[in-house]
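A short worksheet on the structure shown next.
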Amino acid sequence: MYPAVVLLLLLLVEQAAALGEPQLCYILDAILFLYGIILTLLYCRLKIQVRKATVASYEKPDGIYTGLSTRNQETYETLKHEKPPQ
């Protein structure tokens, strides 16, 4: 909206009519460049706010591994081979 207002003001001023084609293109390029930067900043700000709201609303009451405990046994135990009684 602001770039459109600036463009209209430039066109209404008498000096704007005195500008040649290249200068007018440079002005329009600068306006579009600023417009792109503003939109990018607003988009990034919106994404950050949504991410913060999502993280804040996510509550982790219990973890996935809450009820599990570590094993007291080793992973590889030696086998005790007993001879059968004779």
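Each residue's number is its place along the chain shown, starting with 1.
Cβ from N, Cα, C; glycine included.
Taken from Swiss-Prot as is:
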type     : residues : note
DOMAIN   : 54-82    : domain 'ITAM'
MOD_RES  : TYR65    : phosphotyrosine
MOD_RES  : SER69    : phosphoserine
MOD_RES  : TYR76    : phosphotyrosine
MOD_RES  : THR78    : phosphothreonine
SIGNAL   : 1-18     : signal peptide
TOPO_DOM : 45-86    : topological domain 'Cytoplasmic'
TRANSMEM : 24-44    : transmembrane segment
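The average pLDDT computed over the domain 'ITAM' (54-82) stands at 67. There are 6 other CB atoms within 10 A of the CB of the residue listed as 'phosphothreonine', with all protein chains counted.
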